[in-house]
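*Asks:* Shown below is the structure under consideration.
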């Protein structure tokens, strides 16, 4: 959430930021309501001052043995009007707050201009796509032929975009999760969290999923609880409405969780395989830091996610999202895209974002600085990585002509020394 004072005092900057994003927000209505609120505040303060004067005068007259019936009536009338206007101000506050919750973050000055994903600049690439010497098969065919992933029964039991891992498939999924967690905790300094997979509405508002993206969430019927779309939600809200010790920043957490997404806007895209499932596993990286450090921390977080792909030997590239492709809460984002031979293109496997104080302001996460004053932390997160997409990339990039799949060396200790599936 943006700072109310900033939005009020910098209308040109806010309009420019929204124009850069290519989004439309009813700012005229916001400023109209804000002006109405300020006018009512001025009026009610005048009334309260008058009521205080009248009250003091009534008290003075009573001490001298005199009655003041007209003043008593005036004070009652003032109190009634004050109550009414206070209620109107409260209603305006709620409407303004709702509008603020639907205004996206302001892009950082380093974010490139662009209308959409096609205009995201490539920052760097790593690795070289393999020359197979045969036509590579898609991961869903590999998984089915090796009998390690069952999409048909996933559809029978749960519906479209669900699957079963079985045998070495289940073990490979678990190996990838444990490998990622071990790497981030042992080498990158993250403290592991195992979070709840269900959160309340305040948590979803805190990280920016609600109210704007309600249709993409799985809500529990009859309750204000939601299945998490990412571990970002519970881990960021771990410190909601808290004041952190500035000397302990940055705080680094990693977390494995299942993730649940309705994918309401993804109809017709990646309908086969593991790329776009309603339920999938992910290892998330979350940081809380001082404002002046957040963009350095974004570079480090991105490098931590990249290290997973490097150790697995998976070719990838890093793109920086342009203004038109930037997520609602993010000030700047790098996407990691892994090479998938069957698509003959790179597919997103991680988004690493700096949210500046946008989430912290919504969630009330502050720290006490060296002067003893509180200010909002900056929050960052990124996938470290999406597990299903990592498995898909392994199956496709490590497939062999005989139908088997070579297990990446980094995963063999987690697979009981197994070097090949099939």
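Note that Cβ sites are derived from N, Cα and C of the backbone, with glycine treated the same way.
Straight out of Swiss-Prot:
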BINDING   230, 231, 232, 284, 383  L-serine binding site
BINDING   261, 262, 263, 348, 349, 350, 351  ATP binding site
*Asks:* Near residue 230 (L-serine binding site), how many other Cβ atoms are within 10 Å of its Cβ?
*Replies:* 23
*Asks:* Which has the fewest other CB atoms in a 10 Å radius around its CB: 350, 351, 383, the listed binding-site residues?
*Replies:* 351
*Asks:* Show me the subset of 261, 262, 263 whose Cα is within 10 Å of residue 383 (L-serine binding site); these are the binding-site residues I mean.
*Replies:* none
*Asks:* Could you state the CA-to-CA distance between residue 231 (L-serine binding site) and residue 261 (ATP binding site) to the nearest Å?
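*Replies:* Spelling it out, the Cα of residue 231 (L-serine binding site) and the Cα of residue 261 (ATP binding site) are 12 Å apart.
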*Asks:* Where the distance is taken from Cα to Cα, which of the binding-site residues 230, 232, 284 turns out closest to residue 262 (ATP binding site)?
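*Replies:* Of all the candidates listed, 230 is nearest in space.
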*Asks:* Please report the three-state DSSP label of residue 232 (L-serine binding site).
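*Replies:* Residue 232 (L-serine binding site) sits in a helix per DSSP.
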*Asks:* Is any of the binding-site residues 261, 263, 349, 350, 351 within 10 Å of residue 230 (L-serine binding site) (Cα-Cα), and if so, which, in sequence order?
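*Replies:* Qualifying among 261, 263, 349, 350, 351: 261.
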*Asks:* Take the C-alpha atoms of residue 351 (ATP binding site) and residue 284 (L-serine binding site) and report the distance between them in angstrom, rounded.
*Replies:* 10
*Asks:* Whole-number answer please: how many Å between the C-alpha atoms of residue 349 (ATP binding site) and residue 232 (L-serine binding site)?
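*Replies:* Computed Cα spacing between residue 349 (ATP binding site) and residue 232 (L-serine binding site) is 16 Å.
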*Asks:* Considering only the binding-site residues 261, 263, 348, 350, which residue has the minimal Cα-Cα separation from residue 284 (L-serine binding site)?
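*Replies:* In terms of Cα distance, residue 284 (L-serine binding site) lies closest to 350.
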*Asks:* Taking the Cβ of residue 232 (L-serine binding site) as the centre, count every other Cβ atom within 10 Å, in any protein chain shown.
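*Replies:* 29, counting other Cβ atoms within 10 Å of residue 232 (L-serine binding site).
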*Asks:* Sort out for me which one of 262, 349 has the most neighbouring CB atoms within 10 A, since those are the binding-site residues we care about.
*Replies:* 349
*Asks:* Would you mind reading off the Cα separation of residue 232 (L-serine binding site) from residue 350 (ATP binding site), to the nearest angstrom?
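*Replies:* Rounded to a whole number, the Cα-Cα distance is 13 Å.
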*Asks:* Rounding to the nearest whole angstrom, report the longest C-alpha distance spanning 230, 231, 232, 284, 383, listed for L-serine.
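*Replies:* So the maximum pairwise Cα distance among the L-serine binders is 9 Å.
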